[in-house]
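K.L.:
If you scroll down you'll find the structure; I have some questions about it.
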């Protein structure tokens with residue numbers, strides 16, 4: 001047991017590896033929509049296509065990468081670590097190019113679509129093996145849970161960094177807007193809008209574009225630094241995950257086994273909708289603060305308040321799930337967001353109230369960050385007890401969980417941006433029609449609340465409570481001890497022990 005314990009340094013190095021995905025993901029999630037609409041000045045219809053296709057492609061690449069990882073041979077540095085090391089420089093390059101406005105009259109849509117999809121592919125080559133690495137750092141469930149808590153704390157801190165870097169650098173520059181409502185109803189509205197746009201300070205828009213590029217460069221540098229710390233500070237242990245058994249089952253056979261595992265499907269079903277609620281809120285919150293609440297120069301600070309609150313409450317949720325169980329933590333943590341989501345849409349625009357709601361909502365965001373990744377290893381342990389002769393499927397578990405979440409997120413963000421187009425969203429407008437404000441209220445309040453309630457209802461079917469988890473832990477330890485002491489025992493004997 002002492003041999004399996006991880007040092008604080010190892011846990012910290014492992015945790016730092018989770019920051020790049022969250023830093024870039026948070027910056028893209030909160031700012032890409034408003035960047036495409038008001039800085040790159042794309043039509044909302046094309047912006048919705050970019051957001052949907054990018055997220056949908058991102059979802060497809062997760063199982064693809066999971067498949068290729070399962071076929072990867074072990075190297076001197078492990079099976080997962082080479083993916084993390086070699087994808088990093090290419091991912092950083094693609095990320096920076098997402099925030100560059102090319103000087104071309106046509107082809108801007110293809111530019112953003114290509115580099116957004118390319119970055120999603122490369123960051124998947126980092127994140128899927130990193131997520132699966134949880135099962136290869138230790139065989140002790142308590143050590144994996146502890147490392148996961150370190151990871152979630154650093155990931156939420158990464159979200160804070162992503163929000164702070166992107167928001168504070170971009171927020172220092174005033175993005176020029178167009179006073180359009182007077183011209184919207186007139187026949188020559190497009191001509192009038194263009195004339196008004198020409199009289200505006202175009203230099204200010206150039207400054208905004210430069211600010212986005214500076215923020216992308218800083219975030220890219222942090223991405224590389226975190227990858228270096230992870231690769232130097234974590235040792236991938238081949239023996240930590242698998243029992244001695246026959247040859248590994250093929251990917252598609254393993255996929256069939258995984259998808260037939262009831263606990264996994266029920267966990268996915270529950271967290272699919274709750275994760276979707278927070279992603280929908282994330283994608284539209286900048287527009288909601290800017291136009292509906294009227295806090296054009298404050299929204300980056302409101303986002304920062306949410307993420308700081310989430311960071312500070314991660315240790316509390318780790319303590320809570322340890323003492324009251326993970327399933328109880330799901331109900332208490334995620335449902336606590338509901339009253340605040342309702343409050344922010346119902347109350348009139350008030351900056352102090354908005355900050356209070358932001359801090360309170362961050363507490364629930366912390367639970368949504370921690371719990372899925374803390375519970376997936378429990379499902380994998382449950383799977384191993386039912387299939388002791390099948391191993392090497394950790395990447396499948398993690399990649400398909402991310403696949404379903406991202407694909408649903410892509411659909412929701414595409415539809416939400418398209419709905420803004422139907423409501424009459426005005427690119428670079430200083431204000432928006434009432435229909436747009438009503439749509440934004442629905443997207444950050446009513447729809448997320450409905451998704452959270454549906455997710456919690458489905459989560460009641462999840463079978464691994466605290467008692468079941470402890471039984472699985474003991475049974476798995478007995479199975480490993482038997483496997484280590486009887487290296488010549490066959491799969492039939494292992495099955496009979498279970």
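Every residue gets a Cβ built from N, Cα and C, even glycine.
Relevant sequence annotations retrieved from TrEMBL are reproduced here:
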- 12-33: transmembrane segment (TRANSMEM)
- 80-101: transmembrane segment (TRANSMEM)
- 113-137: transmembrane segment (TRANSMEM)
- 211-234: transmembrane segment (TRANSMEM)
- 263-281: transmembrane segment (TRANSMEM)
- 301-321: transmembrane segment (TRANSMEM)
- 328-346: transmembrane segment (TRANSMEM)
- 352-374: transmembrane segment (TRANSMEM)
- 395-420: transmembrane segment (TRANSMEM)
- 440-462: transmembrane segment (TRANSMEM)
- 473-498: region 'Disordered' (REGION)
- 473-483: compositional bias 'Basic and acidic residues' (COMPBIAS)
K.L.:
Do the transmembrane segment (352-374) and the transmembrane segment (301-321) come together with 3 or more C-beta pairs under 8 Å, pairs six or more apart in sequence?
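P.N.:
With 3 or more qualifying Cβ pairs, these stretches touch.
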K.L.:
Given the transmembrane segment (440-462), which of the listed stretches 12-33, 80-101, 113-137, 263-281, 395-420 has the most Cβ pairs that are under 8 Å apart from it?
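P.N.:
Result: 263-281.
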K.L.:
Any contact between the transmembrane segment (113-137) and the transmembrane segment (395-420)? By contact I mean 3+ C-beta pairs closer than 8 Å, pairs at least 6 apart along the chain.
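P.N.:
Answer yes: the transmembrane segment (113-137) meets the transmembrane segment (395-420) with 3 or more Cβ pairs below 8 Å.
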